[in-house]
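> Dumping the structure here so I can ask a few things about it.
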Amino acid sequence: PQLYQHKMLRPSTQRYSVTRPLYSEDTFEDEHAKVYRKHKRLLDHFIQYFTCTSERAKNTAVSLLPIIGWMKIYSIKDWLLNDIVSGVSTGLVAVLQGLAYSLLASISPWYGLYAAFFPVIMYFFLGTSRHISVGAFPVLSLMVGAVVTRLVPDEGLPANITAFEGLTKDEQRILVSASLTFLVGLFQLGMGLLQVGFIVMYLSDTLISGFTTAAAVHILVSQLKFVLGLTVPGFSGPLSIIYTLKSLFTQITSTNIHDLVTSIVVMVMVLGVKEINDRFKSKLPVPIPIEVIMTVIACGVSYAFNFSENHGVDVVGKIPNTFESPIAPSLQVFQMTAVEAFPIAIVGFSVAFAVAKVYSVKHDYLIDGNQELIAFGASNIFGGAFKSLAASTALSRSAVQESTGGKTQIAGLLSALIVLVVILGIGFLLEPLPKSVLGAVVIVNLKGMLMQVVTVPYLWKKDRPDCIVWVGTCLAAIFLGLDLGLAVGLGLELLTVVFRDLDKPTDYSDLPIQVNWSADLPANIRVPPVNIHSLILDFSGVSFLDISALKVTLTFDMSFPAYIIEKLRNCKFFDDEIKTSIFFLTIHDAMLFIHESHPPKTVSEEVNKTV
């Protein structure tokens, strides 16, 4: 063993030697006697695991109820007003998106409002993110809608389910949606209790990007029938998008001109004002709520000219001013939807965790993946019992909650209260709202997901295995359906890992990463001063680097195995700033180099520096 180290550095040769006493077996054993510890039996581990102490009870409570942690540091003076403003703004957006995304699930619009209320209440107590807005998410709603239309199609008989007896078609669809949401919650809660939050690591950014782009295409096609004012039956399964487009183009001459003009006006106005919000976000106190404004105007115009009766425009219609009674989920629906429920659970959690991670880094606090699974599991179980849509989070809605000053989930709770007011008090004002307006709002919010397609040429140039994963996942999800597309994407990702050592060198020299360590930190980020002059990262276990890893490595000085160094050199990774001179064979070499470059201060020097 290496017990003592004596550094003998010469500037010209930079060598070191290691010296230690001469040991015989006996002298070594005398000085370093082996310490024996008591071997614990299985019963001992069992007793220790179930022994309850006040400290363990406290830690368990804080872990399962994160609200206890952040409520202790809540500043009413500094945070409450921000949370109120954020809650009201987010609540208005949540109402509109809840109505719009329920159309994707092929259920009555007001059930989307339930998704902006019931899951939010549960997440308030159990969630670890302080900034995400819980509720309907378009991709999730579309995946639910595919199951709903499969079991209760627009044309033909519904599935042979006992609980369907005596129910109308709308009630049957609500039963399927609610039961599926309940099952999704059970899957998420089970994964959380089993501590498998790490599963999101297997969903790379590339796979998620390709999958969400395909979902955006499905969502766009599904909303065309509302924009054009046509009656198109719902299709599910492989090639369903082809059948939907065929039905649309067959009826294109029957387009309702009032729906089309209304949709175009709404889309142009919303896109234009969103661009203004992005360009002048530093000067605007809050983003202009153009979606809410256009909704109010559309409701007024529709009511004034009686669009529904005079022009055949399909409107939201009757919104009950009360909550419906909770229902028990159907076990038969569980059996028929288990295959679809699991990918819905994974996608919903993955999206929410990704958004939560962005804001946790920005505002410097920790989120727990396993606790997030438990929180969303409980939220969807609670929501499913009250006929809510499956809940996740939407980036646009979460951005509103954070950008308007939201500090904690109190903003989320207040947004749920706004939804409650709409459901119980003023929901009737939304009854004349044309569904074409909701479709237009959904399409406008797809811009970010659809624009992800511009990354394909970049991936093809920089990392072809990642490009294959993106394109394969996207095409499979478009033509085979979102559930099968996700499975294909995971298969492609595993195959790329197997074949990575066979790929040819790729040029990473112009990755869009530039770090200026002397520049000021971004707004709202504060880092305490730490006296660190060097950082060593041990990458001896790295077998390959993909496009995401290369982006990270450009921000650090690292140490890699020889074969990785050779690949980086072939890929033109090194430049004037990233040089091979900062890479070392072993951690010990790196430590000695640091000691030579930054020799320890003497006591007198430290005292003078402090003075």
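Along the chain as shown, the residues are counted starting at 1.
Just so it is clear, glycine is given a Cβ too, placed from its N, Cα and C backbone atoms.
No curator has checked TrEMBL annotations; they are predicted automatically.
Annotation comment: TrEMBL describes 80-473 as domain 'SLC26A/SulP transporter'. The transmembrane segment annotation in TrEMBL covers 80-104, 110-127, 134-153, 173-194, 206-228, 248-272, 284-305, 341-361, 373-390, 410-430, 437-456, 468-492.
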> Does the transmembrane segment (80-104) come close to the transmembrane segment (134-153), meaning at least 3 CB pairs under 8 Å for residues 6 or more apart?
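The answer is yes, given that the two segments have at least 3 Cβ pairs within the 8 Å cut-off.
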> Where, among 173-194, 341-361, 373-390, do we find the most CB pairs under 8 A to the transmembrane segment (206-228)?
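Out of the listed stretches, 341-361 contacts the transmembrane segment (206-228) most.
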> For the transmembrane segment (284-305), could you work out the same-chain residues 6 or more beyond its ends whose Cβ comes under 8 Å from its Cβ atoms?
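Here the qualifying positions are 85, 89, 92-93, 96, 262, 266, 269-270, 273-274, 276-277, 311, 313, 315, 400, 403-404, 429-430, 432-434, 437, 441, 444.
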> Taking the transmembrane segment (373-390) as the first stretch and the transmembrane segment (173-194) as the second, find out whether 3 or more Cβ pairs fall under 8 Å, excluding pairs closer than 6 in sequence.
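Contact criterion met.
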> Over the domain 'SLC26A/SulP transporter' (80-473), work out the mean pLDDT and round it to an integer.
90
> Have the transmembrane segment (437-456) and the transmembrane segment (341-361) got at least three CB pairs under 8 Å, pairs 6 or more apart in sequence?
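With fewer than 3 qualifying Cβ pairs, these stretches do not touch.
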> Which stretch, 110-127, 248-272, 341-361, 410-430, tops the Cβ pairs under 8 Å count with the transmembrane segment (173-194)?
341-361
> Output the single range from 248-272, 341-361, 410-430, 468-492 maximising the number of Cβ pairs under 8 Å to the transmembrane segment (110-127).
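By Cβ pairs under 8 Å, 410-430 leads among 248-272, 341-361, 410-430, 468-492.
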> Near the transmembrane segment (341-361), which same-chain residues lie under 8 Å Cβ to Cβ, leaving out any that are not at least 6 residues past its ends?
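Residues 128-132, 134, 137, 139-140, 143-144, 180, 183-185, 187-188, 191, 197, 199-200, 203, 208, 211-212, 334, 367, 369, 372-373, 376, 380, 390-393, 395, 398, 402, 482-483, 486-487.
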> For the transmembrane segment (410-430), find every same-chain residue at least 6 residues outside the stretch whose CB is under 8 Å from a CB in it, and list them.
74, 79-80, 82-84, 86-88, 90-92, 94-95, 98-99, 110, 113, 116-117, 120-121, 123-124, 132-134, 295, 299, 316, 319-323, 401
